[in-house]
Amino acid sequence: MTTIVSVRRDGKVAMGGDGQVSLGNTVMKGNARKVRRLYHNKVIAGFAGGTADAFTLFERFEAQLEKHQGNLVRAAVELAKDWRTDRALRRLEALLAVADNKASLIITGNGDVIEPENSLIAIGSGGPYAQAAARALLENTELEASDIVKKSLVIAGDICVFTNQNLTLEEIDGTQTPSTV
């Protein structure tokens, strides 16, 4: 599995993920890029679950973003509908975390589109550890979103055997295009 974390603070949204790909109890790859930019660099997305499944979902989600002129919520709802009703897509096992400068969402294969409390997303096997860390940092520090994401992923990587510390971080600052952190 993996860990993906997204935090929104002070007009910025950051998302990061680890790089571990596991097959059963074996680490197959340590430097996978599970967080990427979509739709003209205006959206960041991360996945937890099967790698091949996630790439299929990224393609479908980006097509929905194009179809709906970058409207994140509309694209997420349409992807969730397709995911739930399409026989081939229903077999895909992954979760998507997506964010733009206005919204942060989790998209599931059950047809759910969830806007989390406090714009904090943490998915994957290390998600609960990263969520607890990010929440504590949000409530008790003035750290920037990208720093909270990084520290949360490091903590999750220390605890979860399916999460490493080879991190990919992306950030969107207001209406600017995302930058690699």
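From the backbone N, Cα and C atoms, a Cβ is placed for every residue, glycine too.
Here is what Swiss-Prot says about this protein:
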type	residues	note
ACT_SITE	T2	active site
BINDING	G157, C160, T163	Na(+) binding site
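On the structure: features taken from Swiss-Prot.
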residue	record	DSSP class
T2	active site	coil
G157	Na(+) binding site	helix
T163	Na(+) binding site	coil
Going by C-alpha distance, which of the binding-site residues G157, C160, T163 is nearest to the residue listed as 'active site'? T163
Compute the mean position of the Cβ atoms of G157, C160, T163, which form the recorded Na(+) site, and then list in sequence order the other residues of that chain whose Cβ is within 8 Å of it. T3, D18, Q20, S125, G126, Y129, A130, L153, A156, D158, I159, V161, F162, N164, Q165
